[in-house]
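Peer 1: Quick one: this structure, given as structure tokens, is what I'll be asking you about.
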Amino acid sequence: MDELVHHNTVNSRMWIDGGRPPLRWPGWTRGRSGRGGDDRGRPGVRTRRGSAVHGLDWTVMCAYFGLMVLIGWWSHQRVGDVKDFFTAGGRMPWWLTGISHHMSGYSAVLFVAYAAVAYTSGITVYFWGFASIGIGVGIGTWLFAPRWNRLRSRLGVASPLEYLAKRYSVTTQQALAWSGSLLKIFDIAAKWFAVATLLHVFAGVDYNLGILITGVVTLFYCTVGGLWADALTELGQFVIQAVAALVMIVVVLGKLGGIEGLWTLWGELPASHHNPTTPKYTTVFLLVYVLVKTLEYNGGMWNLAQRYMAAPDTHAARRGAALSSLLYLLWPLVLMFPMFAAPLLIPGIDKPENAYAIMTTEFLPPGLIGLVLAGIFSHTMAMVSSDANAISAVITRDMIPVMSRRARTWTDRQGLTAARLTTVVFVLLTMGVATQAENLGGVLQIVVNWVAALMGPISIPLLLGMLPAFRRCGARAALTSWAGGLLAYALVYYVLDTGQTALIATPVLVSLTLYTGLGLLAPERSATTDALVEAIGGEDERAPYGTSSPAGTDEEPRGKDDGSTALV
């Protein structure tokens, strides 16, 4: 199940490889009526054709899109320079940091691929799919969140990869930047196509029109308002999907006989649905997921590192990380309760990945369907806008200055203009690729899989490079671990016949072994590395490294001739 390899990669296989989905959900023509009460409109009793979305639902969705645009426009006044655009000027409150970090971490895959696992296997999906992230982010609360924040406050860094030029080398920085950015084009394109597919299935909207609608709205607010707009729209999206989730729970509990359904449900489900692990999702699989998610959700996914950088100080960064960790441990249980109950309410469906959509269209009245659909959109739009801002930061701050000497002397206004133009070009490019998703077929799915494979090998040098224990791991270790992880993935995916655990674990474990092994056997000593690691790991009252500004300010050193930020 490739869709489970990487939590934020939308499961596009059934849409890309299988062609356009039907206008009605598979499994609606025969089967058993569940505990939903009246058999009218039940899956397996009556075939439902055409759009499931009514005029009131469209009103709700239009209001949702309009709210996102208004938030983006309001955020425009908070963006004065490139630091505001990429790191919110270091002024994002801790609670917004935490909610934004949480909302940027998963997409509509929750309502499709993970809903299928909940339908067939039960609560195991919560433990490896969400609790693993909560544990990983909890670890990062003390280990990584404060260091990301000090990179901004002490070194003037505005891009997650910016510090790599001094920590390792410009070559290392560029290898990670180019590989990650190019593959992200296809990853985000798959997300656009997934959202467009939902619009098509629910409302019969043409695929390209669906991509255009969601893409233009997202493009507007993330280009106009930068990270501020991303975070504030994510706050609005969190509220919307919270209301939608609570509505679904109330409706589902009504079908189950009342509030007691919260605990009586489990006695009626198969015993295997109660277990944290299963023969397929083993304890080893769960432990591997904790390792992988600890790396990904503490900065391996570049957009999440930005949230820690945007906090005003390390205390706020830690509190934001703690809030996100708590949300990952608790909130998915609310979102997924209807999915856990689905085997009782809509038994015998042919395609479990359709379970949440079937319950939405069958159990909710007009208006509430639009609310739930807006809640589903909110996850993917939050992730896409967040990714776009992070990639724009990497391109503007790390890639263009290496290619152009003129870019190294940009004024604040010129840098902000370049950031916005980069965002526009990048998002339009992803939308263009999304419109060709069906023509690309399996090619797009292969590239999306490689995005998942690349996450671990990029995370190792990016995150461990900040820790004192790995200060002797230099550019050689970083590049070797990055390349070795990718080769390991290619081997287990294309050559060896392995299971899910090996596919997930091998790239990151190979990268980790190469990185630490070379650091021990062939250490690379550097005074610059020692000073950098000490600066971002020291106490907060110390003076910032490489600047004369008070600790916690945003005075940014100007770029040097190698195109990287001057950290020394």
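Using N, Cα and C of the backbone, Cβ positions are placed for all residues, glycine too.
TrEMBL labels come from automatic prediction, so no person has curated them.
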Peer 1: Please identify the range among 188-208, 209-229 that TrEMBL labels transmembrane segment.
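Peer 2: TrEMBL lists transmembrane segment for residues 209-229.
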Peer 1: Any chance the transmembrane segment (125-145) and the transmembrane segment (209-229) are in contact, meaning at least three CB pairs closer than 8 A with a sequence separation of 6+?
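Peer 2: In this chain the transmembrane segment (125-145) does not contact the transmembrane segment (209-229) - fewer than 3 Cβ pairs sit under 8 Å.
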Peer 1: Taking pairs 6 or more apart in sequence, does the count of Cβ pairs under 8 Å between the transmembrane segment (502-522) and the transmembrane segment (209-229) hit 3 or more?
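Peer 2: As far as Cβ distances go (cut-off 8 Å, pairs 6 or more apart), the transmembrane segment (502-522) and the transmembrane segment (209-229) do not touch.
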Peer 1: How about the transmembrane segment (94-119) and the transmembrane segment (283-305): at least 3 CB pairs under 8 Å, pairs 6 or more apart in sequence, or not?
Peer 2: yes
Peer 1: Going along the chain, which residues at least six beyond the ends of the transmembrane segment (238-263) come within the CB cut-off of under 8 Å?
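Peer 2: Same-chain contacts beyond the flanks: 35-37, 64, 99, 102-103, 334-335, 337-338, 341, 344-345, 359-360, 363-364, 368, 371-372, 374-376, 378-379.
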Peer 1: Quick test of the contact rule: Cβ under 8 Å, at least six residues beyond the ends. What residues does that give for the transmembrane segment (283-305)?
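Peer 2: The answer is 6-8, 101, 104-105, 127-129, 132-133, 135-137, 139-140, 143-145, 148, 160-161, 180, 276-277, 383, 386-387, 389-391, 393-394, 455-456, 458-460, 462-463, 500-501, 504-505, 508.
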